[in-house]
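The annotation compositional bias 'Acidic residues' is assigned in Swiss-Prot to 344-360. What Swiss-Prot records for 479-490 is compositional bias 'Basic residues'. Taken from Swiss-Prot, the feature compositional bias 'Basic and acidic residues' covers 491-510. Annotation comment: Swiss-Prot describes LYS129 as SUMO2 cross-link, evidence class similarity to another entry. If you look up Swiss-Prot, you'll see THR252 marked as phosphothreonine, on the strength of similarity to another entry. Feature annotation from Swiss-Prot assigns phosphoserine to SER350, SER388, SER389, SER497, SER525; the stated evidence is similarity to another entry. Feature annotation from Swiss-Prot assigns region 'Interaction with ASH2L' to 330-366. The annotation region 'Interaction with WDR5' is assigned in Swiss-Prot to 371-380. The repeat 'WD 1' annotation in Swiss-Prot covers 22-63. The annotation repeat 'WD 2' is assigned in Swiss-Prot to 64-103. If you look up Swiss-Prot, you'll see 148-188 marked as repeat 'WD 3'. The annotation repeat 'WD 4' is assigned in Swiss-Prot to 196-235. The repeat 'WD 5' feature in Swiss-Prot is assigned to 249-291. Look at Swiss-Prot and you will find 293-331 tagged as repeat 'WD 6'.
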Amino acid sequence: MNLELLESFGQNYPEEADGTLDCISMALTCTFNRWGTLLAVGCNDGRIVIWDFLTRGIAKIISAHIHPVCSLCWSRDGHKLVSASTDNIVSQWDVLSGDCDQRFRFPSPILKVQYHPRDQNKVLVCPMKSAPVMLTLSDSKHVVLPVDDDSDLNVVASFDRRGEYIYTGNAKGKILVLKTDSQDLVASFRVTTGTSNTTAIKSIEFARKGSCFLINTADRIIRVYDGREILTCGRDGEPEPMQKLQDLVNRTPWKKCCFSGDGEYIVAGSARQHALYIWEKSIGNLVKILHGTRGELLLDVAWHPVRPIIASISSGVVSIWAQNQVENWSAFAPDFKELDENVEYEERESEFDIEDEDKSEPEQTGADAAEDEEVDVTSVDPIAAFCSSDEELEDSKALLYLPIAPEVEDPEENPYGPPPDAVPSSLMDEGASSEKKRQSSADGSQPPKKKPKTTNIELQGVPNDEVHPLLGVKGDGKSKKKQAGRPKGSKGKEKDSPFKPKLYKGDRGLPLEGSTKGKVQAELSQSLAAGGAISELL
């Protein structure tokens, strides 16, 4: 697909719903890879579903966690995926094989995970009621980032666009800018409302292009800043936001905010309903409101990196928002000018003459001179939309798509070989011996997959009884986690996992698992003893 031909001449934001993506289980979070070709969706049963966004089909399913997936992030080259679940586990996955490379166990719930934009060996983790932690995957070490006050409980953090700095924000409205390599403080400022009142920082998001970033605060205002101005002001600066975005009518609180792929628009999802508000960053005016199904709550929003497409999650389903495709059946003249009606073409006297005797010899300029130039059809130029401003070439090892092979139930070993009768007896004996060797090797236990290394991360002064916000309030933590985890069969009220073998009783379709299994077996034995007839047993 040629992205240059997709350049829209009008508005560059979605206008209407363009279908849904059903992940079978309930979706909680989603994120695009760097090129927008793959969409990773974290589900309620711990699985990660990777969608091929061009075909809108499932390319891979990774059984990642036991508990719900709460945060996802792609590596820069697209080969790795880091995930966090509500049981305080952070894992790194190989996208092609689906294997887990590393696993980290934290003492408190994880609110966000993020790869370093340029170094996929570093991962930023935001634990609940703790300072942010930067993991180094190669040696499994971690560094706790400094905070403004030791009593800071809820601290959010994010890498800037190139990963040179880490921006952190606390519940008192204080923003710290730390150097990524040394964790030194280079700038700081406080977000205030009006005079001196402070407001809590809920999230920090950076644009893919440019130096702008936005801050979502508890006072229901989205503030847009220029990162260069923040660094210029230094410590305890007082920078003014470029824009302040809010819903003045309904005073809507914002669940998730992000920039468009080109950084010219900002989308914010309402925390009250399934509604997306889109603003133009340069002017600050509201250009579009996208309304989903009434009564649904929004969970996550992601904007496509290079196209005007938005993916939002509500009620466990991924909704896609795109532009309205208008078909054009107009007629075009040979010079590609659009015609409103059929026009009879009047040719010039000498237009189709091979040689014009009366024409003088002009100098070749413009299009005539370009006809004599050689056209390079072998070299491939990098696509500007996929390259950063400080890069010249694309990543040749990037993972854009997942290969899919057809599943054959009974493959023939040699469909194009000679028939069995034509094989000599000596070759048949050798084949039989090799077949025995193959069977013996198959009967033996296959080498198990390498178990991922699990590292326990110890954080000082962090309570161990915290419950993730996705699971509800603190208290009955066990029951909450059990309900939110991978579904288990219980009297047919909950869905069964499609990857679990099932045994059904008669036409009622009750899965024989756990305590229900014993109950159904007791009923069966009683009915057999009483001489009852069973119509069907699967």
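Glycine too: its Cβ is placed from the backbone N, Cα and C atoms.
Rounded to the nearest whole angstrom, the C-alpha distance between SER350 (phosphoserine) and the residue listed as 'phosphothreonine' is 69. Here the repeat 'WD 4' (196-235) has long-range neighbours at 154, 156-161, 165, 167-175, 177, 185-190, 241-247, 251-254, 256-259, 261-263, 266, 268, 281, 305, 388-389, meaning same-chain residues at least 6 beyond its ends whose C-beta is under 8 angstroms from one of its own. Here the modified residues are THR252, SER350, and the one ringed by the most other CB atoms within 10 angstroms is THR252.
Long-range contacts of the repeat 'WD 2' (64-103) within the same chain: residues 28-35, 38, 40-48, 50, 109-115, 117-118, 120, 123, 125, 127, 135, 137, 140, 395, 397-400, 402, 449-450, 452-455, 468, 470-471, 481, 484-486, each at least 6 residues beyond the stretch ends and with a Cβ under 8 Å from a Cβ of the stretch. The DSSP breakdown of the region 'Interaction with WDR5' (371-380), given as helix, strand and coil counts, is 1 helix, 0 strand, 9 coil. Using DSSP to sort the residues of the repeat 'WD 6' (293-331) gives these counts of helix, strand and coil: 0 helix, 18 strand, 21 coil. Around the Cβ of LYS129 (SUMO2 cross-link), 16 further Cβ atoms fall within 10 Å across all displayed protein chains. In the three-state DSSP scheme, the residue listed as 'SUMO2 cross-link' is classed as coil. Put simply, the residue listed as 'phosphothreonine' is 26 Å from LYS129 (SUMO2 cross-link) when counted between their Cα atoms. For the repeat 'WD 5' (249-291), DSSP puts the residue distribution at 0 helix, 24 strand, 19 coil.
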